[in-house]
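Listed in Swiss-Prot:
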| type | residues | note |
| --- | --- | --- |
| BINDING | 23, 24, 25, 26, 27, 28, 29, 30 | ATP binding site |
| BINDING | 25, 26, 27, 28, 29, 30 | substrate binding site |
| REGION | 53-56 | region 'Interaction with substrate tRNA' |
| REGION | 177-181 | region 'Interaction with substrate tRNA' |
| SITE | 119 | site 'Interaction with substrate tRNA' |
| SITE | 141 | site 'Interaction with substrate tRNA' |
């Protein structure tokens with residue numbers, strides 16, 4: 001059986017630790033990264049940003065993903081944006097491999113890599129490596145997909161609970177992608193996914209881990225949750241006014257796309273897709289989108305607050321936001 005190799009983190013004594021800007025959705029990560037890149041340009045340095053966001057990899061997901069504008073991408077070099085069609089799947093393992101290679105390539109050009117984003121599974125894979133889970137088996141996956149369509153994913157979730165109750169307990173019954181993957185792993189290896197993850201060569205990959213010394217983590221953590229939620233509500237309403245509905249209509253016009261694809265399951269896109277399918281009305285779509293966005297932010301903060309060694313700043317405090325930028329400037333080179 002072939003497995004994806006454990007990805008060793010970069011540890012080079014020739015360079016300072018890599019800056020990584022993280023935070024919950026709506027915390028201002030992109031703004032901080034762009035300010036840092038513009039400062040670097042003003043002193044003759046070049047920062048290249050590596051996106052750590054599972055939605056930004058997809059072409060056509062622009063408005064709902066808060067993708068950096070064409071002007072921003074023209075001003076500062078961005079990587080791992082618009083690299084896939086929404087029919088494709090991008091994994092944490094692939095991100096870890098791509099980010100590692102990009103950091104090496106950027107430094108070989110004499111430039112400075114800065115990783116920015118909030119997809120914490122990508123963070124875990126890049127910072128701590130991955131357990132040796134088997135790669136996808138197309139035959140098994142296709143059969144499980146057919147079973148899921150026939151029996152329904154809640155029934156498949158029940159099946160998973162019988163062989164891997166620990167994994168089933170943390171997955172929603174309709175999370176077809178992850179339920180399918182857990183069943184696939186069991187069929188390939190004969191072991192529950194939870195058992196394989198427990199055998200990971202790096203326990204540091206779990207929540208509560210110490211940040212590796214080759215990363216300088218800047219974490220934007222808003223202290224005012226109510227203000228964050230209001231900002232997220234305002235941003236989503238601006239997305240709706242800015243054409244999110246039309247963007248999802250365009251995606252739906254592609255017959256190769258469906259609601260179970262990872263791209264379409266992205267927060268906001270899934271809810272608008274359901275609305276266009278007639279499953280919800282406008283108010284329910286908006287409510288579900290905002291609830292999903294808040295839940296995403298809560299999960300991101302849970303990940304971050306469990307980490308020791310991070311450099312934390314409140315983006316809603318002007319003095320702390322300035323301190324965050326100053327910290328990044330000091331740690332560029």
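Just so you know, glycine gets a Cβ as well, placed from its N, Cα and C.
The highest number of surrounding Cβ atoms within 10 Å, among the binding-site residues 23, 28, is found at 23. Around residue 29 (ATP binding site), the same-chain residues at least 6 positions away in sequence with a Cβ under 8 Å from its Cβ are 21, 22, 23, 116, 117, 118, 220. Close to residue 24 (ATP binding site) in the fold, though at least 6 residues off in sequence, lie 118, 220, 221, 222, 228, 296, 297, 298, 300, 301, 304, each with a CB less than 8 Å from its CB. In the three-state DSSP reading, residue 119 (site 'Interaction with substrate tRNA') counts as coil. Of all Cβ atoms in the protein chains displayed, 15 besides its own lie within 10 Å of the Cβ of residue 141 (site 'Interaction with substrate tRNA'). Mapped onto DSSP helix, strand and coil, the region 'Interaction with substrate tRNA' (177-181) counts 5 helix, 0 strand, 0 coil. Secondary structure from DSSP puts residue 30 (ATP binding site) in a helix. Within the region 'Interaction with substrate tRNA' (53-56), the DSSP-based counts of helix, strand and coil residues read 0 helix, 0 strand, 4 coil. Across the region 'Interaction with substrate tRNA' (53-56), the model assigns an average pLDDT of 97. Counting only same-chain residues six or more apart in sequence, the Cβ atoms lying under 8 angstroms from the Cβ of residue 119 (site 'Interaction with substrate tRNA') belong to 52, 53, 54, 95.
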